[in-house]
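Working notes, beginning with the structure itself.
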Amino acid sequence: MKVSMSPPHKATSVWLLVLAVQLVLLVCGGQASDDTKRCKLFSESPAERKVLSLLEPLTNKTFSGGSGKDSYTYQFQVCGDAGKTVGAGLVQIDQAGEKSETVLGLYTATQTIGGSDWVMLIYSNGTKYEAHCSKEMRKAIVMISCNRGVEMGKLEVVLEERERERDCFYLFELDSSAVCPALPSQLSAGSIILIIGFVLLSVYLICGFLYQRLIVGAKGLQQFPNYVFWTQVGNLAADGCNFVCRTQGPEEEPPTYRGVSTEPEEQPEDRDDHLLPM
């Protein structure tokens, strides 16, 4: 009994091709995540959601800071859990004693306001005050400003406004290049078209070479994708040029018409004198 098995080198080639395709998909889709959707807006609107999407590079990162005047430190995340409490986007940690955690705002109660080079992120529904602000729930405001030289800055505490009856808040500052406006492109339309064409040509050559090499098993120049077609391009171009631009033979002078005379032509006289006898 004969058992047919695929050659080891062919199986390895197929595996390498699959690995290459997965690598390309991973590189192209690596930036497709949208973690800002975990934030729940008070009133869902495309404008606020668009502003919130600018903070996507800052997601899944914890920012820490302290005022330096007391024993409190603060932790902040964009649309993520900053502390032990699920849904807490910004927390205050008391470093003295048991390190108790106070929620300053939930990312499930979010508001966003955007400007030309800044984003204001507001977390509400935090832990209630015990003796201030009519015992309302805490609210945290994070002012994220453009700084092209800083990818992710440090969380700075500006103030805690609690000497009022209502609408108390914590104010923080954070510098980041994520909210900076896009710089105008220095490339012309022609340059962009050339870059796109070069990329497409590179993808065509690389993928075609891998397919011819690993799947078809071609060698030498046959590894070039569509080798037979490209070898005939020159002949096809020459034939087209010959058909359009060149003549097939010497030109013949077209026949012309002679003019018609208006005067009657003279008829030769019949002279029979030479026939008479002398």
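Using the three backbone atoms N, Cα and C, a Cβ is placed for every residue, glycine included.
Unlike curated records, TrEMBL annotations are generated automatically.
Taken from TrEMBL as is:
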- 1-32: signal peptide (SIGNAL)
- 37-182: domain 'MRH' (DOMAIN)
- 187-211: transmembrane segment (TRANSMEM)
- 249-278: region 'Disordered' (REGION)
For the domain 'MRH' (37-182), the number of residues DSSP places in helix, strand and coil: 19 helix, 63 strand, 64 coil
Overall pLDDT for the domain 'MRH' (37-182), taken as the rounded mean: 91
